[in-house]
Amino acid sequence: MLANYVPVYVMLPLGVVTLDNVLEDKDGLEKQLKELRAAGVDGVMTDVWWGIIESQGPKQYNWSASRSLFQLVRECGLKLQAIMSFHQCGGNVGDVVNIPLPQWVLDIGESDPDIFYTNRTGNRNKEYLSLGVDNQRLFNGRTAVEIYSDCMQSFRENMSDFLEDGFIVDIEVGLGPAGELRYPSYPRNQGWVFPGIGEFQCYDKYLEAEFKKVATSEGHPEWELPDNAGTYNDSPESTQFFGSNGTYLTEKGKFFLTWYSNKLLSHGDQILDEANKAFMDCKVKLAAKVSGIHWWYKADNHAAEFTAGYYNLKDRDGYRPIARMLSRHYGILNFTCLEMRDSEQSADAKCGPQELVQQVLSAGWRENIDVAGENALSRYDLDGYNQILLNARPNGVNKEGRPKLRMYGVTYLRLSDDLMQKTNFNIFKTFVKKMHADQDYCPDQGKYNHHIGPLERSKPKMAIEYMLEATEPMEPFPWDKETDMSVGGVLTNLIDTKESTT
């Protein structure tokens, strides 16, 4: 049964290391970490914020608080997933602290605001540097990609002891806002509210010039970036771009959407290549996070996915090329919204979280990579947990050995006082046990077929044409209607009764 075991990690609070680079409330955190370990949790995930680490100036890194945090987690007997967070914290759903990009980067943005993603009306988004400056030497002689690479190299040098002993199991490389490989198309701090379609974010001068150059080389110097795709809170049908017979179906629209989504693919590929070089030979896996944009998924136009950079249609898979790109770097695809069910969502917004999860996880498995995931919003109820359990093993457990389909791991969002509240934590403990296929906590990853060897050098660069062959739609793998390892029923009642009498 251990072959069915899916490890469970818990995301630490966003501000566990303060903006002043201090480990917050070490004693309180230690108590919670020990409770997680006693509950069978395998490890925790934490952000390593660029805005804190390199805040004092270019290449002036301070890893002290991160080292204290890692040491504490290790002493509590937990493994670690580290996120290289090259984005701002603040302005997104669930952001309770504010950690901006390093001040010296923001200062460069004062004189050149085009280093930031920009919408059609000129609003700048300071969450993450525009991918248009990936290879522009604007940062004291460095490009954005070189900044990310240098930071990851420094992480390796300063965390070598944690990397060598297998304590850090994977490194998720931040590739955009909220650490996700996407454009910041739905920013709360610019007034977006669910289920708005969002806006394209390619109107900084660097991306605009690049689009013009590519369009001209294709014989269309007259083509411009879209001016008819609406604003953040529009519905698809109210725009010319996404409406029925909209621009997205024309040659010009297809050209733009291919360019916009390909830029994202190349951005992820280049930075993961740098991550691979930085962590080569470490016993660790790389991961990248893809956002679960489930609203308008069931509309023909998939508008909200488009503006985020996922060119996904019924007859064009927008996610399998990302999985194929990740396969070059032996990367894990980390997806979100695992807890959501269609019936809980607004029918008006044509939401399809279940079908979306099925499509994306299948895309990863079709490309022979590991897929992991997390819940998008905090949930403490049986339905949320059972939906995660279903997605973790879509065809249930296999008593004879490996299940047909199994996620590589699930990270629960997030550690909080609400989670640790007695009733909530009892249910959570049952969830962990069910994720482990009713087996006891297993510290040896090899026993459930997670052999993490030294990271090999990325495979040779893939031609974009080869990546795009993966846009060919394939049927997703079939999912059972419900999990065969549900939280609830007799076991939860027994735990509740036992806890209340002790």
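Backbone N, Cα and C atoms are what each Cβ position is placed from, and that goes for glycine too.
Automated prediction, rather than curation, is the source of TrEMBL annotations.
The annotation active site, proton donor is assigned in TrEMBL to E180. The feature active site, proton acceptor is assigned by TrEMBL to E374. Among the features that TrEMBL reports, substrate binding site is placed at D47, H87, D95, K289, H294, T336, N375, A376, R414.
A gap of 13 Å separates the Cα atoms of E180 (active site, proton donor) and the residue listed as 'active site, proton acceptor'. Between H294 (substrate binding site) and E374 (active site, proton acceptor), the C-alpha separation comes to 14 Å. When Cβ atoms from all protein chains are considered, those within 10 Å of D47 (substrate binding site) total 25, not counting its own. Sequence-distant neighbours of N375 (substrate binding site) (same chain, 6+ residues apart, CB-CB distance under 8 A): T336, C337, L338, E339, G384, I388, Y412, L413.
Neighbour density around each Cβ, counted as other Cβ atoms within 10 Å, peaks among the binding-site residues H294, R414 at H294. Long-range C-beta contacts of the residue listed as 'active site, proton acceptor', restricted to its own chain and to partners at least six residues apart, with a cutoff below 8 Å, comprise M11, N334, F335, T336, L338, V410, T411, Y412, L413. There are 25 other CB atoms within 10 A of the CB of the residue listed as 'active site, proton donor', with all protein chains counted.
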